[in-house]
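Presented below is the structure to which this report refers.
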Amino acid sequence: MLVAEGQMFGSYRVVSQLGSGGMGAVYLAEQPLIGKRVALKVIHEELAHSSETLQRFFNEARAVNTIGNEHVVEIHDVGQTPEGAHYFVMEYLAGPTLAATLRDIGALPVARALHIAAQIADALAAAHAVSIIHRDLKPDNIMLTPRHGDPDFVKVLDFGLAKTLAESNQIALTAQGAVLGTPQFMSPEVCESGKGVDHRTDIYSLGVLLFQMSTGRVPFEGSSMGSVLLKHVTEPPPPPRALNPEIPPSVEQIILRCLAKSPAARFPDMGALRQALLDPEGYLATGPPVVPAAGAHAGVGSAPLSGDEARPRPVRNRTMSIDTPEPGRPARAHLVLLALLAILGASAGALAVVLLTEPGAPEPPMAAASGPAAPGAADAEPEPAQPAAQPAARDPEPAAAAPATVSVRLVTRPAGAQVFDAGGALLGETPVELVLPRDGAEHELTFRHPRAGERRKTITADSDAEYELALPARDAP
């Protein structure tokens, strides 16, 4: 619905619009009798009939009220207008987001970055104490508001993707199969499969935030969502001090421990991380676990691990050479890429197809290495017939994997339009590339640009394609 200045939502009168996102718009509102100012979050009209979107919308209010921490935004009330608009009332926060601050000044002084990160850790420690995982930690969801004489008092926003521990063992997807969350801040376990996700996924995301605050950039960047996800799973982060020599070694150790690939190698909980952020030198003096430098297998801590966590994750080199797995050792990279295949971008999709070639049909020398050969086997006449049969068995495999997804590139004039799916989930900003299951399904997309009009487009996921759309001019006010 269109929200006008002066419109009433319960006992609150709308003053002005503060911003807009994929799920709804936020307005400054005031209680006329007592002058109390609040922020109204109103769900977009086209999403009001989506049960999935409504669930995420009200999930935020429930999660926030369960946590009850001063560094988590307060939500006072929820409601629905006679016209059917769903909204909730939350505290009004003056000040910029962390994203705006980083855009304006780049890397923060280390002391300021630590101060902000410690408050975020405090908020998330409270959330984890009631078994709530945020799962969408990023600079846009952190407000810096003056309070108690502190210009950088932190408020954590947007618990719309929050999950309880019991609900967290799945990748956050919309009904249309699009990934929810921000790839640059996703933990390896979320990128990989969504299985076994617990509170330590937020520790990883906070490590990415601290990396960005300290260096001015995120640890993993790429031309597509898929390439970023793959780097989270397979590549070690660059050493922060190589990007900003002013970062103390103690702070670098904290960041790299947060960014360990294995959850078991990270801080055990947000409380322990917060203590390290408040006293980095004390943390270093106590002998933190050794975090491998770039180029080593990341995520292996000083304590021995058990089961799946004890096995180092394979790191592929840039030439895409493929080694046959050691006898008895699972080809974990194949499992990683199977989980990622439906959501990888095109640059990583080709790598996925190469690596997903069946490892169970090795060439004869590799087969001999997997077990002792029978005496006299080298002299047996029937042996040459086996290699000749192998290409026929292996040839169909890449062909079966290749058509599993389609790559759809979206370009707009002007560029920089946000793309939303039918459920209101933000898919990216143009130019953007989507990877969808090759199932012939139709996907209704909405394009919104701050300086242009809105446009909708339905695409069909039956073949690779590129769409170029001219957005209409915004109507004059």
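Placed from the backbone N, Cα and C atoms, the Cβ positions cover glycine too.
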For TrEMBL, the entry region 'Disordered' belongs, out of 32-68, 69-105, 365-401, to 365-401
How many neighbouring Cβ atoms, not counting its own, are there within 10 Å of the Cβ of K41 (ATP binding site)? 25
Report the mean pLDDT of the predicted model across the domain 'Protein kinase' (12-278), rounded to a whole number. 87
